[in-house]
C-alpha cells in the first residue's frame, strides 16, 4: 500500500470484541457501530518501522515511525484503501513477560466529543477505534500486550456527570459512574472527553488500577488522533503499573533512546513520544510478577466482526483457528486446516496444546506466594484464567498477608516507594512514634489535626522506613521527609517517612490495607483488625481450622484448587488421576513398551550366547533351574545345556568349561543419558570383536565331542553384569543388567 511514497506491509489490526456494545442511552441516538478497517504493519524497506492505519469511508488516518521517520497525522488523508486484515498469533509462552497479555478496554465518548465529530455516533466511534488501534500498536510491539476494545458508550444527549477541568476530579466522578452504572465486564474503562484539561499530560488514571472496579480507569482529553493515542498509552500505562522511577531517572539509569521525542511516560519531549523506556518495561514486568494484572491473561473469546477463518480466534462455526498462513506455519498448520481440526487432532495451538494433543502440565507458574499455578484442564488447548489465592493467606514465611494477589508487608512497601535499599523500620519506631499523633507518627489526619493511633493500631498508621532515598520512586512529596532517630538497647534506630501522594489524593505514606499487623490480624483503614472479621473463609469445605477440607487452596473466585490426588468442589474426594494424569499414563505406556523391548532384547542375546538362540521352541527352564545354570556370571556344572540338535537333556558328568575371566563385569559406555539397548545388542551380535562384552556360541571343543560351550572369539571379553532376581526366570545364561 503506498503511503507518503513508501510501501506499507499489512501485519495486524485492532482486536475488537464481537460483543462490542453500542449503547444508545436515549431514543434520539444514532445506532451506528462504525466501520471496521483498522490495521497495523511496517514500512517496506524501512527497518524498525511501525504503522497504524485506520480507514472509514474515504478517510485514512495513520501514524508511523522509525529511526528516521517521525509519526505524522495530516488531519487524516482522503484516500480509498482496500483493507486486508490479519491477526497476531496466539500466546504460546509460559513466562509472564513472554505470554501475551490482553487489556479488555471500554471507551466512553462524552457529549462534547460527540459534538466535535459532526454529531454522529458512528463517526465518533470510528475516531475512538482509531485511537485504540494506534495505542494497541505501541503496547503490542513494546509490552507484548494487546488492547482489546470490548464496549463503547457515546453520550449524544448530555454528559452523565460533571466534566471538570481538573482531570483528577473528573476521574473520581467517572469511577463513581462506572461503579454505579457500567455493568459490562472489562479490565479498564476510559473516558474520551472533548474537553481540554488543565494538565500537561491531558489525562489522568489510577496507578496499578487495572482489574479493579473502583480504580481501573482513566480520562483522556480531546486532540488529534495520534495525540489521543499517546495520552491513552500514558493513562493505560499507569493502570498497568508503569510510573517512571524518578529516583532512577535522577541517577541517570533510565535514559530514553529517543532524545528528540522523549519517552511516553516522561514529561519532556519536542514531539509526540512513541516508546516506553527500558525502565518502564521493567516496571510493568515487576507489576505482573508481584501479582498485579491477573485479569490480563484471559484471552478474549469473541470479536466485533462476524466469524472469519484466519484471525486466530476460535469463533462460532470453527473447530480451530491458528491464524494467518504465516502464523499457522509457526504453530498449528498440521493440526488445523481451514479452521477444521485434522484427523486425530484435538487442538491446534495454545499453552496446553502440543503436537495437536492436549497436555496435562502446569501452563502458568505462580509468580509469588499469593499466586496459584494454572494447570491445563486436559480438554482445552488454552491455559485457564489466571487466579490467585483468596485474601488473608499468609505469605513470605508468615511475615505478610495476601491481599488482591499480592503479599503485603511493610518491608515491600518501603522498597516500592524508596528503592531496594530501604527496609521497614524497627517495630519500636511504630510503637514510639505513631502513638504520639504528630507529623512524624500518626494514624491519619482530620482536617488540620493529626490523629493518634490506638496502641493496637500503631502498625497500621504512618509508614516508617530505614535507609530511604532523598526522593521517592513515584508520586509527589507533600511536605518534607520526616527523619527521627530512636535509641534502643544502645543502638540508634532510623525511623523515617514521608507523605507521598499519587492519583491526586492517595497517600502512600501510610501502611497499606491488607498488611499483617500481628498474629491473625491485618490492617484496614488504619485499624488492626482480626482476620475473622473479613469473612475470608468462604470456599466449600472450609471451617475455622481448615480450608478446602485441608486438601487445597481457596482462590479469589471462591473455588477450591485441589492438591495432587484430590478432587471435588471441596477437595474431599480422592482422585485416582491428577491433572497431569495424561502425562503419567503416556509415560507408563512408553516405559512398559521400553521395558518389554529390553526383556526381549536381553533374552535374545542370552539365547545366542548360550547356543539356544537357534531354537525358540525349546522350553525355557523355570526359575529354579535358571539359578542352577549360572551363579555370579559363571555357568554351573550339571545344568541344562543346548546342543546343535536342539534337543534338551541332562548331561551327566559333563561340565561347562568357561574361561576364568568370563565372570568379569564391564558396564557399557553410555554416550547419552538414555542408551539404546536394542542397538547395543545388535552391535554386540554383529561385531566380532565385541566392544562391550564377550559372546559365547556353540562350538565343538577341539578336545571334546560333547558340544560344550567354548569361545569362538580370538580375544576374550568379560561378561556383562547380572540382572536382579525378578528377571532370572527369563534368562538362560549370562545376563545383562542395565
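Glycine is no exception: its Cβ is also placed from the backbone N, Cα and C atoms.
All annotation found in TrEMBL is predicted automatically rather than curated by experts.
Not measured: the values here are computed from a predicted model.
Feature annotations, courtesy of TrEMBL:
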{"type": "COMPBIAS", "residues": "701-712", "note": "compositional bias 'Low complexity'"}
{"type": "DISULFID", "residues": "363-383", "note": "disulfide bond"}
{"type": "DISULFID", "residues": "562-571", "note": "disulfide bond"}
{"type": "DOMAIN", "residues": "101-300", "note": "domain 'Peptidase M12B'"}
{"type": "DOMAIN", "residues": "535-572", "note": "domain 'EGF-like'"}
{"type": "REGION", "residues": "691-738", "note": "region 'Disordered'"}
{"type": "TRANSMEM", "residues": "584-607", "note": "transmembrane segment"}
Subject >> Structural state census, the domain 'EGF-like' (535-572) (DSSP three-state) >> reply: 3 helix, 9 strand, 26 coil
Original post:
Ranked by the number of other Cβ atoms within 10 Å of their own Cβ, which of the disulfide-bonded residues 363, 562, 571 ranks first?
Top reply: 571
**OP:** Report the mean pLDDT of the predicted model across the domain 'EGF-like' (535-572), rounded to a whole number.
**Re:** 85
Original post:
Near the Cβ of residue 383 (disulfide bond), how many other Cβ atoms are there if near means within 10 Å?
Top reply: 24
Original post:
Which whole-number value in Å describes the distance between the Cα atoms of residue 562 (disulfide bond) and residue 383 (disulfide bond)?
Top reply: 17
